[in-house]
Amino acid sequence: MEGLIHSSTAGQLLRWITRNKVLPYPEEQPDFQCPHCYADGAVSPTLFTHEADSEKPESDADADDEGEAATENASRAEELSRVPSMADVEKVRSQSDMARLYSAATQTEALQTAPSRPIAPTKTADGTILVDWYTTHDPENPQNWSSGKKLITVAQIYLYTLVVYMGSSIYTPSAPQIQARFGVSETAASLGLALYVLGYGVGPMLFSPLSEIPSVGRNPPYIITFALFIVFSIGAAVVNTFGGLLVLRFLQGFFGSPCLATGGASIGDVYSLLKLPYGLTTWAAFATLGPALGPVISGFSVPVEGWRWSLWETVWMSSPILVVMFFFLPETFPDAILLRRAQRLRRVTGNNKLLSQSEINQKQLTVTAVAMEALYRPFQIVVLDPAILFVNVYTSLIYGIYYSFFEVFPSIAVALAIAVPLYFLYLNKVFEPEIRTQGLMSPERRLIPALFACFLPPIGLFLFGWTSRPSVYWIVSVVGILIYTIGIFMVIQCIFIYIPMTYPQYAASLFAGNDLMRSALACGAVLFARPLYVNLGVGPGISLLAGLTVGCIAGMFALYYYGAALRARSRFTAK
């Protein structure tokens, strides 16, 4: 439990109040023995000696063998000192580097079961010693945390994501009463949902780059913005003007967005590249489930307690999660962890040449560069790269359709219960074995499940649209939504693995841009959905949307067969 509290917001606050006397790090304890490489400034793997090597060999031959083995192991330990994670993907500059990164991910799994080996830090030409993990099994490295600690950490991110996404649709049963209370139209009342969705699409443009600054880390944006989310949720529950309600709903979505902006990065901090898809798929399932549960929860209470009740429910669900995160969510960003370690080592040794690589990189950051990557780069790539334009349009379309009807959302939980195990089966039986035996191969290989799944959205929509009538038993239309949800879930998972493999150096910008496009179209879908269905009818209206997804089938196959050619001509791709 102390391991969770130590780097949590509560733990760091307690350390600051007590001047590091409570919850001290190893470097701050009286019996701490500073590694020679950091204490003396000498950098050599031979300065580190493992306890198991302290016994003398029985013969000179044995000594030579052990020496060669030790040198080889030390070299391998140094090379694989970090289990490759999602943070490393964004530093990749070529397809060959990406392939080596995934190859290293398979090798480091074996290294994790081997005895712990010390890691020699790197010394730069100007004498700077780059602070690194002490050993290959360094307990401060999130990749080395126990399975239990990892599970508790990501479970908090899952619940955080769930409640923020529930906060969007939990409003919908209140819309008729809001119309009556403020004397507004049906479309105006639906703005309360639309602006919330838009808010959590805009937020990642700010919070995603903020959480990548080592001196900030993941936790402060989470805790501060989630607290503000609850404050604005309280405001939305007590506000007495319609304009004020809309502003507060947008601010709710905006300050709830770090779970969307950074949640995947936090999961990537603790799981290796081979295991990361499992964590991200589960996270995506919670994000998909949230809007499905929202109307179910408030649908029972709003008719009895009134429209404000649904907004209070958001406060009641969020507050306990914030308390748990405040006390038990550890910092997961490796760059932030190593930066703080470097600061402690400088205090212990008095050597100002001890710096983390993240500290050096941070000093080179400028406001202009951060703004360029956060605000300009996503739009530049979308406009100039046809592959990214297509995947953004496709994911935005199916996401917008998803937000265009709330009455059938409970069936989505059943769809997820089918889709998630199916995708896990693909990861376990195809994705992992292929990476281990054949290497990374072409990024388009990751789209193969989507080539089958992309047929499901139009099939499900046509089935839903033309059976949503009293003369047809209700279960048939529900099956249609079931098929649709399974299809879009599989397609989105494949696309979200494909994007960073193809454009690794711009992964954060690409995901932020995709979030904004998806949320913007979903915002519009909330507003145009009812007029569309009223004027055209449910069958024709759904068929129109289904027809658009049929067109995307051709786009998905074109991306699979011609994606490599498009990437070869793109100015953004990793060559």
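Cβ coordinates are placed from backbone N, Cα and C, and glycine is handled just like the others.
Remember, TrEMBL labels are computer predictions, not curated facts.
The compositional bias 'Basic and acidic residues' annotation in TrEMBL covers 50-59.
The compositional bias 'Acidic residues' annotation in TrEMBL covers 60-69.
Taken from TrEMBL, the feature domain 'Major facilitator superfamily (MFS) profile' applies to 153-575.
Residues or ranges marked as transmembrane segment in TrEMBL: 151-171 (among others).
Annotation comment: TrEMBL describes 191-210 (among others) as transmembrane segment. Long-range contacts of the transmembrane segment (191-210) within its own chain (CB-CB distance under 8 A, at least 6 residues past either end) are made by residues 164, 167-169, 171-172, 174-175, 178, 216, 221, 225, 245-246, 249-258, 260-262, 265, 370, 373-375, 378, 403, 508, 511-512, 515-520, 522-524, 526-527.
The feature transmembrane segment is assigned by TrEMBL to 222-248 (among others). Outside the transmembrane segment (222-248), and at least 6 residues removed from its termini, the chain residues within Cβ reach (under 8 Å) are 9, 160, 164, 167, 178, 182, 184, 188, 191-192, 195, 203, 207, 255-259, 262, 308, 311-312, 314-315, 318-319, 321-322, 325-326, 329.
Per TrEMBL, the feature transmembrane segment maps to 254-274 (among others).
Among the features that TrEMBL reports, transmembrane segment is placed at 281-301 (among others). For the transmembrane segment (281-301), the list of distant contacts is 154, 157-159, 161-174, 260, 263-264, 267, 309-310, 313, 402-403, 406-407, 409-410, 412-413, 416, 419-420, 423-424, 427, 485, 489, 492-493, 496: same-chain residues at least six beyond its ends, Cβ to Cβ under 8 Å.
Within its own chain, the transmembrane segment (321-339) is flanked in space by residues 1, 3-12, 82, 85, 87, 131-133, 140-142, 149, 152-153, 156, 159-160, 163, 211-212, 214-219, 222-223, 226-227, 230, 265-266, 269-270, 356-359, 361-362, which lie at least six positions past its ends and keep a Cβ under 8 Å from the stretch. The transmembrane segment annotation in TrEMBL covers 321-339 (among others).
TrEMBL lists 381-402 (among others) with the feature transmembrane segment.
Per TrEMBL, transmembrane segment is recorded for 408-426 (among others).
According to TrEMBL, the transmembrane segment annotation covers 447-466 (among others).
Positions annotated as transmembrane segment by TrEMBL: 472-499 (among others). Same-chain residues lying 6+ beyond the ends of the transmembrane segment (472-499) with a Cβ under 8 Å from its Cβ atoms: 277, 280-281, 284-285, 288, 388, 391, 394-395, 398-399, 401-402, 408, 411-412, 414-416, 418-420, 422-423, 443-444, 446-450, 452-457, 459-465, 507, 510-511, 514, 556.
Remote same-chain residues near the transmembrane segment (506-529) are listed as 86, 89-90, 187, 190-191, 193-195, 197-198, 200-202, 204-205, 208-209, 212, 260-261, 264, 373-374, 377-379, 381-382, 388, 391-393, 395-397, 399-405, 496, 499-500, 572 (criterion: CB distance under 8 Å, separation of at least six residues from the stretch ends). The transmembrane segment annotation in TrEMBL covers 506-529 (among others).
According to TrEMBL, the transmembrane segment annotation covers 541-562 (among others).
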Ranked by Cβ pairs within a distance under 8 Å of the transmembrane segment (447-466), the first of 381-402, 408-426, 541-562 is 541-562
Intrachain residues whose Cβ lies under 8 Å of the transmembrane segment (408-426), provided they are six or more past its termini: 169, 278, 281-282, 285, 288-289, 291-296, 449, 464, 477-478, 481-486, 489-490, 493
Same-chain residues at least 6 beyond the ends of the transmembrane segment (381-402) with a Cβ under 8 Å from one of its Cβ atoms are 291, 457, 461, 484-485, 488, 491-492, 495, 498-499, 502-503, 506, 509-510, 513-514, 517-522, 524-525, 545, 548-549, 552, 555-556, 558-559, 563, 566-567, 570-573
Across the domain 'Major facilitator superfamily (MFS) profile' (153-575), average pLDDT on the 0 to 100 scale: 89
